[in-house]
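> Copied straight from TrEMBL:
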type	residues	note
COMPBIAS	A:1-14	compositional bias 'Basic and acidic residues'
REGION	A:1-26	region 'Disordered'
COMPBIAS	A:17-26	compositional bias 'Pro residues'
TRANSMEM	A:42-61	transmembrane segment
TRANSMEM	A:73-97	transmembrane segment
TRANSMEM	A:109-133	transmembrane segment
TRANSMEM	A:153-177	transmembrane segment
TRANSMEM	A:184-205	transmembrane segment
TRANSMEM	A:217-241	transmembrane segment
TRANSMEM	A:248-268	transmembrane segment
TRANSMEM	A:274-292	transmembrane segment
TRANSMEM	A:312-332	transmembrane segment
TRANSMEM	A:363-386	transmembrane segment
TRANSMEM	A:398-423	transmembrane segment
TRANSMEM	A:448-465	transmembrane segment
Amino acid sequence: MAPHRSDLWEREDTPPETTPAAPPVPPAPAADAVVLPAIKDAVASGVITGLLLLPLVGFRATESGSGPLTLTYRFGLVAVFALLVAGLRLVLNLTLWRPGRKIRDNRSAGLAALSAKVAPAARPAFFALALLYPLLAVTLSGGLSPSRYWVDLGIYILTYVMLGWGLNIVVGLAGLLDLGYVAFYAVGAYTFALLSTSVPLNAFFDAHVAEGFWASWSFFVCLPMAGILAALWGVILGFPVLRLRGDYLAIVTLAFGEIIRLVLINWVSLTNGGAGISSVPAITFFGVPFNGNDDGFAARFGLDYDSMHRMIFLYFIILGLAALTALVTIRLRKMPVGRAWEALREDEIACRSLGINTTLTKLTAFATGAMFGGFAGAFFAVRVRFVSPESFTFMESAVILAIVVLGGMGSQMGVAAAAILLIGGMEMLRNLSFLKASFLFGPDFDPSLYRMLIFGFAMVAVMVWRPRGLVANRMPTIFLKQRKAVSGALVKEGHG
Amino acid sequence: MAAASFTPKVPKSWDRDPLLKVDHLSMRFGGLVAVGDVSFRAGRGEVTAVIGPNGAGKTTVFNCITGFYKPSTGRLALMQGGPATMAELDALTAGGRAWAKTAAGATYLLERLPDHKVSSRAKVARTFQNIRLFSGMTVLENLLVAQHMSLTQAGLINPVALLNLPSWRRKQKAALELALYWLDKIGLTARADDPAGDLPYGDQRRLEIARAMCTQPVLLCLDEPAAGLNPRESHELNTLLRAIRTEHQTSILLIEHDMSVVMEISDHVVVLEYGRKIADGAPGDVRNDPKVIASYLGVEDEAEAVAVTGVPA
């Protein structure tokens, strides 16, 4: 078996333990001999940066209306850049570039030990934080209404956490590269939207159960149906394509995602085409509507009506759905089917030699992943109360896949962290209003325009530093004496 | 039948009670005949070795037996329980089914089964020439994956397992015990929680055999189990294989180049060359067979001509 490349590299870094004497290390220079030159170097580079940038950045000719060109000065920006360079060089000189610095023997072993220490606390901490988040948002922003933005952001992030966990089953556990995951999200959303707005269904329940029954209960009835239908579509997609592997599977799933979207656009009589389906019923508190009426949620629970009640309820709905995804996945991993998924990712031929029906196993992975996508889709429809094909573009699939890959394939906490970083980070980049300060880029600067650029750089940086994702280790599903994380270098990515 | 020229007056044990009966097996890849009309039997409770020079078609025969290749022609009958009569076999072959209950037990036609059913139904397990462990899973997990079939009789996603009910926990405990038994057998209990990919080569070889044994097979097919092992490890392997044969009533079919392993543990040796069988018999007989000596050591042109034309067709 050929060792993994990074494995080889690690071995090179690691001196064998049996080496009789430690290799001679040059004596570390005295602190003065390090700090003083470092400061000198930092100042010098800061000055050079300043001088270089002074003509390039410091002066700017702007055309004011029809008048002549005027010169504006941006010395503040020059100073910021110069200080950045100086500070960075100082830090680097004192840490990474420090003369005589002892190179740590096994960087990844240190990280692995660290993550092993953090890992047991990460999951409860994440769920505790997620549970308390609305309370925190309301308290810190000072009231229900001001917290709308933060609760909405929480819902948004949790939707992606759930989607990431769902796709993680397919990509991370079973090793099947699925570029069309958004198709199942769309199936779930349209299932709920179509069923809940269906006139015959509304009429039927009005006549036989109670007036307005379907509008208030449809989400809870349709949620399982959305999951089942999405799973069914997962099987329908899976059957013909699962004999494909790797790149070919990826291309066909990509096409499937696009086909679903194009069908949604073109089947106007059913889906109302590109105009989408509006007036999807809002979520109710298990039949109790969130409105200001006497039979509304606020009145029944003796609260003052606030539209934020609905938002907070939505937050807990998506938190519950995400937790369900996580718990089912944790449970499935310990069951034969979950082990078979992971074995499939490791070596499909060996699986077949052990009597595992690989087609069936892949289909269950596709169907399970699709089901959670369908749940998330139904939630999306009830949150936005409007679905249109535009919400289900390839970009969505790409973002969800990026979350899974960035988080570390197969790792739930990694995926959650990546979703928070990517989705939350993208959102935070909208808020860099301090960059608009007059001494920086000026009021005309729109930081959100650079979101994708920064996003791209961040992705590249993570992939360079942590090629196996934020959490590269795999936790075994069972252990005899001690649960030891399996190094990411040994875990395979799957080939289709 | 090809074996005719070797059939002595007293029928050999593998002819009296065969577990696997390979009849006229041929495998063609386009115009290339990798295996041409090979027939042999593997006795119940015996170690049968398939040997031959590189490219003789040994692994192709293995891939046909374990369902990874569909043979071009030929019949591969696996007789669980006891030998089937000729009439029973012919009736099964004439019918469209892949298996049938016979007087002595169940008989499977392996060429009609998909690869995973060869393992799960016919109970034929195999290892690979280039080790195929689940390297990112622990040693223990590897052995549990192998028990997939016995754990999923109630369905792939069954509610009893999802809810972790007691009946499920008992089943899992039994699976764990079997895994621990084999861990103990191959001496890897101390490394149960280490990833399989971290094990030394010899341990990986033994683990692959243990993993195959966790499927509780009637026939264990080993593709060069001693390749890359040092003499001490080879010796340990012999001990392990003998134990498997005697204590578990599992018959063994193995491909091997290491003659010390072949001669020491096998009851029956089949020699292939250029996709055809050139010898078949007890180790001592095969060792002295002129055609085998010719194929392994090489002979003068004239003698070789005799040897080649003497191959039974």
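One is the number of the first residue shown, and numbering goes on along the chain from there.
Cβ coordinates come from backbone N, Cα and C, glycine included.
Help me picture these features in the structure, burial and contacts included.
Cβ atoms under 8 Å from those of the transmembrane segment (A:73-97) belong to residues 34-35, 37-39, 41-43, 45-47, 49-50, 53-54, 57-60, 437-442 of the same chain, restricted to positions at least 6 beyond its ends.
Counting only same-chain residues 6+ beyond the ends of the transmembrane segment (A:184-205), those with a CB under 8 A from a CB of the stretch are 163, 166, 213-215, 218-219, 221-223, 225-227, 229-230, 233-234, 260-261, 264, 270-271, 277, 279-281, 369-371, 373-382, 387, 389, 391-392, 396.
Long-range neighbours of the transmembrane segment (A:248-268) within the same chain, counting only residues 6 or more positions beyond its ends whose Cβ lies under 8 Å from a Cβ of the stretch, are 176-183, 186-187, 190, 233, 237, 241-242, 274, 389, 392-394, 397, 496.
Within the chain, the transmembrane segment (A:274-292) has long-range Cβ neighbours (under 8 A, six or more residues past its boundaries) at 190, 192-194, 196-197, 215-220, 265, 298-300, 305, 307, 309-310, 313-314, 317, 381-390.
Within the chain carrying the transmembrane segment (A:363-386), a Cβ under 8 angstroms from the stretch's Cβ atoms is held by residues 155, 159, 162-163, 165-170, 173-174, 176, 178, 181-182, 184-193, 196, 219, 222-223, 226-235, 237-239, 242, 276-283, 314, 317-318, 321, 324-325, 328, 332, 337, 341, 344, all 6 or more beyond its ends.
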> Kindly say whether the transmembrane segment (A:312-332) and the transmembrane segment (A:448-465) touch, using the definition of 3 or more Cβ pairs under 8 Å where each pair is 6 or more positions apart.
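Result for the transmembrane segment (A:312-332) with the transmembrane segment (A:448-465) is no.
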> Sort out the residues at least 6 away from either end of the transmembrane segment (A:153-177), same chain, that have Cβ-Cβ distances under 8 Å to it, and list them.
130, 133-134, 137, 184-185, 242, 246-247, 249-250, 253, 311, 314-315, 318-319, 321-322, 325-326, 329, 332-333, 338, 341-342, 344-346, 361-362, 365-366, 368-373, 375-376, 379-380, 383, 399-401, 403-405, 407-412, 415-416, 418-420, 422-424, 427, 492-496
